[in-house]
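Have a look at the structure below before the remarks.
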Amino acid sequence: MIPSVLPTYNRAPLTFVKGEGSWLIEADGRRFLDLAAGIAVNALGHAHPALVQALTEQANTLWHTSNLYHIPQQETLADKLVEHTFADTVFFTNSGTETCELAVKMARKYWFEKGQPDRVNILTFEGSFHGRSSAGISAAASEKMTKGFGPMLPGFISLPWMDIDAVKAAIGDTTAAILLEPVQGEGGIRPLPDELLKDIRALCDEHGLLLILDEVQCGVARTGRLFAHEWAGITPDIMMVAKGIGGGFPLGAVLATEDAAQGMTAGTHGSTYGGNPLACAVGCAVMDHVTDPVFLENVNRKAGLLRQKLEGLVASHTEVFESVRGSGLMLGLKCKVAPGDVVNAGYDQLIATVPAADNVVRLLPPLTITDDEIAEAISRLDAAASQLGS
Ligand SMILES: Cc1ncc(COP(=O)(O)O)c(C=O)c1O
């Protein structure tokens, strides 16, 4: 008999009932070190006092009004995002998937308004992930996500990752935009080298194309800069943000330049819940933390520490691990065994990690993880690897 919850997930036999900082407490009382952070969501860890306060204060005041009216918390959050990024304007959503929908619509409307309605094609990349909507799976085009769900939406051209010649060859009269994750997450923690991101920006400039960056997983200080593209010294025209921006409360945002957003006038897009007072009150509190230069410095220092210790872990378990890769606190362990086996052995050692494609285990700790917790994580991963190998 089908369970009452649609069985689209292979869930681990774990039920967490409480979270404290970098820790998840199982129903049976066991304490797990959380290097999953809800898949890069709990940027400030679990039950961060500032987020709890922002949410409860807002919950005691006003939950929801819809976007028929002005929402002061939404305007404050938009102002903060505009102040700290390339963007001139922001639209709020409830998830990363919805940001993909708007980013695609915005790019196509841009060209429609420019009198070039045939420019509808978005160049995307193999290994990418942009969500589970029809547009999201059409954009990522992986067999795993699309099989059985055809027909796919037209207007997406998937190219090999990191192949700049393929990008050049694919640009034509019908190209509207290029869409990519600066660090592929689900694809196996695959950072695009800064030089290639600069080259892609230059190609967009040369051909007048819009550059859409999906920073749903790699954004919001995860890589040690507020947004990952900052490392390459470029800016996008449109950016998709979610996950960390809500710190665990469902919230996403599409950021855009005034030019890129010019087609999105009143009535062209909307959302009942997007940017509601509860979500934006939490988002403001997250932004106040992650934009603090001291916070970012700490993320970079801790990222260096974790990476260095992981290199040692790989060196002492060469039969289990191949290498470490990634950026900031978005790290991947390329495995020689099935990543699911590493994740399961991790559960035995009371540590949560996330499998990804390309035989990689993702480590996405809360950005607030402490040095002691990093040391503890390594010792638990070491025990998990010993369980699997030598
Ligand atoms: C890069 C990227 N884009 C989009 C999404 C979709 O976000 P959501 O699951 O919030 O809809 C994800 C989720 O993992 C993601 O990692």
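Placement of Cβ uses the backbone N, Cα and C atoms for every residue, glycine included.
Automatic prediction, not curation, is the source of TrEMBL annotations.
As recorded in TrEMBL, the features of this protein are as follows:
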{"type": "BINDING", "residues": "Gly96, Thr97, Phe129, Asp214, Glu215, Val216, Gln217, Thr272", "note": "pyridoxal 5'-phosphate binding site"}
{"type": "BINDING", "residues": "Arg132, Ser271", "note": "N(2)-acetyl-L-ornithine binding site"}
{"type": "MOD_RES", "residues": "Lys243", "note": "N6-(pyridoxal phosphate)lysine"}
DSSP three-state assignment for Thr272 (pyridoxal 5'-phosphate binding site): coil
Rounded inter-Cα distance in Å - Arg132 (N(2)-acetyl-L-ornithine binding site), Val216 (pyridoxal 5'-phosphate binding site): 13
Whole-number Å value for how far Lys243 (N6-(pyridoxal phosphate)lysine) lies from Glu215 (pyridoxal 5'-phosphate binding site) (Cα to Cα): 9
Candidates Thr97, Phe129, Asp214, Val216, Lys243 (recorded positions) - the one closest to Ser271 (N(2)-acetyl-L-ornithine binding site) by CA: Thr97
Binding-site residues compared (Gly96, Thr97, Arg132, Glu215) - the one with the fewest other Cβ atoms within 10 Å: Arg132
Of the binding-site residues listed as Gly96, Thr97, Asp214, the one whose CA lies nearest the CA of Lys243 (N6-(pyridoxal phosphate)lysine): Gly96
DSSP three-state assignment for Phe129 (pyridoxal 5'-phosphate binding site): coil
